[in-house]
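Here's what Swiss-Prot has on this protein:
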REGION    32-86  region 'Hypervariable stalk region'
TOPO_DOM  36-470  topological domain 'Virion surface'
REGION    89-470  region 'Head of neuraminidase'
DISULFID  C90-C417  disulfide bond
BINDING   R116, R150, E275, E276, R291, R368  substrate binding site
DISULFID  C122-C127  disulfide bond
ACT_SITE  D149  active site, proton donor/acceptor
DISULFID  C182-C229  disulfide bond
DISULFID  C231-C236  disulfide bond
DISULFID  C277-C290  disulfide bond
DISULFID  C279-C288  disulfide bond
BINDING   D292, G296, D322  Ca(2+) binding site
DISULFID  C316-C335  disulfide bond
ACT_SITE  Y402  active site, nucleophile
DISULFID  C421-C446  disulfide bond
Amino acid sequence: MNPNQKIITIGSISLGLVVFNVLLHVVSIIVTVLVLGRGGKNRICNETVVREYNETVRIEKVTQWHNTNVIEYVPYWNEGTYMNNTEAICDVKGFAPFSKDNGIRIGSRGHVFVIREPFVSCSPTECRTFFLTQGSLLNDKHSNGTVKDRSPFRTLMSVEVGQPPNVYQARFEAVAWSATACHDGKKWMTIGVTGPDSKAIAVVHYGGVPTDVVNSWAGDILRTQESSCTCIQGDCYWVMTDGPANRQAQYRIYKANQGRIVGQTDVSLDGGHIEECSCYPNDGKVECVCRDNWTGTNRPVLVISPDLSYRVGYLCAGLPSDTPRGEDAQFIGSCTSPMGNKEYGVKGFGFRQGTDVWMGRTISRTSRSGFEILRVKNGWTQTSKEQVRKQVVVDNLNWSGYSGSFTLPVELSGKDCLVPCFWVEMIRGKPEEKTIWTSSSSIVMCGVNYEVADWSWHDGAILPFDIDKM
């Protein structure tokens, strides 16, 4: 066979293979259409079946691939329904990690806000982290001087829980240097306090729209909880303070429905001090554990009924939970009066468990470092010192800060009780470290029916940043 004949033969074989390959593709397409395109019961690809129930809607996405059914259950909350939140707090044995945002570590190279006062609140379908920004980013020149609490640049924003407070996912909520937020089952309500110290104003937003205001009544830094407010059967409650941080101030409970204030009452606590309350629903009432920045190292307790009647006193436990504080052995508890050294404090929390109490506190007695949570037997009703459980969340070699409470609603958790949860702020930068800025990240823990080992979920950012070296 001469060279020309070889070329013709190879070309003919190649052409034949190409034609055969094309025919195979055509046959494959025809078979696919015939198999997947048949009528009758098998023609349900990508159909959605919706079955309605009394309280919620369960959506079943049914996709059939060659006679194999894949069913995905998607929970859906009817947004026309208020959350109940009259259930009791679940009895828990420990607290497991729910989320950690690592905002400062990520912010060394990412577009993350400079923040303080982060807190968590939940709707029937999600939990969100709220935070007060400083109108600046980490590792940027505008972060200089952000140790200041109140400025016209501070805003309340939020992200899905676990996300760092970044510019790409954050949602604006209110102009604020003090704030609270909660969901009634229909929409989010946020309260942002802003303005000059002597004439501050709290703007109530409902569903993202301003609906009401509270003006400063004492002319001395109107402020609110820095943690979740509480909604029960459509009505939402929060606590505000106006007056000195180191002397007698004035305290009020507010009640709103769909973002409009429908009631308020003054709280009388002569010789005591209430601010930055951490509140949660329990057995149809609002229970708050607050900060006494004037007279004691035990925490004020405020229990609010739906009609705005209240009971006020102090956490009975014979262990102090504010910072700074004295030795546990030297502390005498009281259910009615402030006890301990008369110094400033830090925002904290507690949960009632029957007559017991879970109480969070820094490990250090003198500074905002470390964090632990203790269960004190009969500590809600008696001056007991008996610790039945203790769990370390941040070790004493690392900074902590504010802490506060929230609950997982039954609509979200699927339980028949409210899951107690808390968050711990971990402050970095000024005044304790050599930076030009102050910011924080947070760890969030939720109650479980198991004991959880001690560990340190600390912030972990390596400081200083580049901006601090200029």
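Glycine is treated like the rest: Cβ placed from N, Cα and C.
Note that the coordinates shown come from a computational prediction; the quantities given were computed from them, not determined experimentally.
Feature map: Swiss-Prot annotations on the structure.
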residue : record                             : DSSP class
C90     : disulfide bond                     : coil
R116    : substrate binding site             : strand
C127    : disulfide bond                     : strand
D149    : active site, proton donor/acceptor : coil
C236    : disulfide bond                     : strand
C279    : disulfide bond                     : strand
C335    : disulfide bond                     : coil
C421    : disulfide bond                     : strand
C446    : disulfide bond                     : strand
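In sequence order, R116, W177 make up the list of same-chain residues 6 or more apart from D149 (active site, proton donor/acceptor) whose Cβ falls under 8 Å from its Cβ. Looking at C316 (disulfide bond) and G296 (Ca(2+) binding site), their Cα atoms lie 12 Å from each other. Listed in sequence order, the binding-site residues near C290 (disulfide bond) (C-alpha within 10 Å of its C-alpha) are E275, E276, out of R150, E275, E276, G296, R368. The shortest Cα-Cα distance from C446 (disulfide bond) to any of the recorded positions (E276, D322, Y402) is found for Y402. The Ca(2+) site is defined by D292, G296, D322, and by the 8 Å test on Cβ atoms against their centroid, the other residues of the chain that qualify are H273, R291, N293, W294, T295, T297, N298, R299, P300, Y314, P320, P338, M339, G340, G345. Candidates R150, C236, C277, C279, D322 (recorded positions) were compared with C229 (disulfide bond); those inside 10 Å Cα-Cα are C236, C277, C279. The separation of C421 (disulfide bond) from C182 (disulfide bond), Cα to Cα, is 15 Å. Same-chain residues at least 6 positions away in sequence with a Cβ under 8 Å from that of C288 (disulfide bond) are, in sequence order, V239, C277, S278, C279, Y280, V301, L302, V303, I304. In the predicted model, residues of the region 'Hypervariable stalk region' (32-86) average a pLDDT of 53.
Across the binding-site residues listed here (R116, R150, R368), the residue whose Cβ sits among the most other Cβ atoms within 10 Å is R116. R291 (substrate binding site) has D322 as its nearest neighbour among the recorded positions C231, D322, C335, C421, going by CA to CA distance. In this structure, D292 (Ca(2+) binding site) belongs to neither helix nor strand by DSSP; it is coil. The recorded positions near E276 (substrate binding site), taking a 10 angstroms Cα-Cα threshold over the set C231, C236, D292, D322, C417, C421, are D292. DSSP gives D322 (Ca(2+) binding site) a coil state; it is part of no helix or strand. Nearest Cα neighbour of R150 (substrate binding site) among the listed recorded positions (C90, C122, Y402, C417, C421): Y402.
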